[in-house]
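Visitor: Below: one structure in structure tokens.
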Amino acid sequence: MRTRRDVPADRSGRSRVSRHPGLSVPSRTLEPVQELHDAPLAPLTTFRLGGPATRLLTATTDAEVIAAVREADDTGTPLLLIGGGSNLVIGDKGFDGTALHIATRGFRLDGTTLELAAGEIWTDAVARTVEAGLAGVECLAGIPGSAGATPIQNVGAYGQEVSATITEVTAYDRRSGETVALSNADCAFSYRHSRFKAEPERYVVLRVRFELENADGLSAPLRYAETARALGVEAGDRVPLTAARETVLRLRAGKGMVLDPEDHDTWSAGSFFTNPILTDEEFAAFRSRVAGRLGAAVEPPAFPAGEGRVKTSAAWLIDKAGFTKGYGTGPARISTKHTLALTNRGEATTEDLLALAREVVAGVHEAFGVTLVNEPVTVGVAL
């Protein structure tokens, strides 16, 4: 990790924000694009759930983002960062502090190097890379949210993860008061995890840099069997970029994983639970539970996840534990298209959603001895 520039200390001994070309950072003040008080947060999330924030700021430049963060840190005000809102579960009581909506924009392509501002809409950016003939993120089409969230979660789907193409993340380090550049190794990526997720109070992502591939209009080799089957090719083959993107969008839409305000199956955070990663011993015990419940002929999904570790399918677990598509009678239910998505049918509260999530977690654990972990970040509530 490196800072953009050596930063002298101010009279208090605290380092000032590092300034790099094109970034002018006000020391203490912010002129927000928008400032609201007792502001509803539900419209900023894909669940459309959650109570109000004491104060809501919207920032459209890196300088505004940094100044807002510094102001909150200097005054000891709790701070909630919101990008696309696709990975947030906010409590019904809301957030007692400042919510900062990061709405920065920026798409810069230099050869095969792509740099995105944190607030750039992710699925739009993917579409533009495909139009430019560059491979590496085409199977991540349709994922809701902003570019700045992708390294935090190490976003992945249909055989691709952003950790494979991210080369650098520019972030504001709240501990040092500097703008820093983190390499891929610095980010400490793992399955749906990163340094940013491990230290959520430290880094504010400002920009993300990717190294893509010019493969003469072809995709990266397909790594996901479902995508390959849908395209009529073998895993490992390349296909036209547009075909790969359109196929993924079609597959996602069929599971309610492409945002549509008229479709309550998309009023969700996409996959609500991560796929469990088990040790070999845990997986052996799990297989025994499966055999006892479903019969010796049934083999649970198993994917290598590093030495001595196996990943299995959360969606399979949920379904086999008896939680089928559309499960639930209240305003929060499992999607009618995909068992891994919990949805707001229009009148739900966050507590309704959490009650359903807890029921699923308890049911899966009782059936198979595996504990599901939520993928979305919870604010003011816990599973």
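Including glycine, each Cβ sits where the backbone N, Cα and C put it.
In case it's useful when we look at the structure, here is the feature table from Swiss-Prot:
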- Arg192: active site (ACT_SITE)
- Ser271: active site, proton donor (ACT_SITE)
- Glu375: active site (ACT_SITE)
- 1-13: compositional bias 'Basic and acidic residues' (COMPBIAS)
- 49-215: domain 'FAD-binding PCMH-type' (DOMAIN)
- 1-26: region 'Disordered' (REGION)
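Map these features onto the structure and tell me what's around them.
Guide: Taken residue by residue with DSSP, Arg192 (active site) is part of neither helix nor strand, so it is coil.
Counting only residues at least six positions away in the same chain, the Cβ atoms of Ala314, Leu340, Ala341, Glu375 sit under 8 Å from the Cβ of Ser271 (active site, proton donor).
Within 10 Å of the C-beta atom of Glu375 (active site) sit 18 other C-beta atoms, taking all shown protein chains into account. Look at Glu375 (active site): DSSP puts it in coil.
When averaged over the domain 'FAD-binding PCMH-type' (49-215), pLDDT in the model lands at 98.
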Visitor: Can you name the residues of this chain that are 6 or more positions from Arg192 (active site) yet have a C-beta less than 8 Å from its C-beta?
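Guide: For Arg192 (active site), the qualifying residues are Gln153, Asn154, Gly156, Thr274, Glu375.
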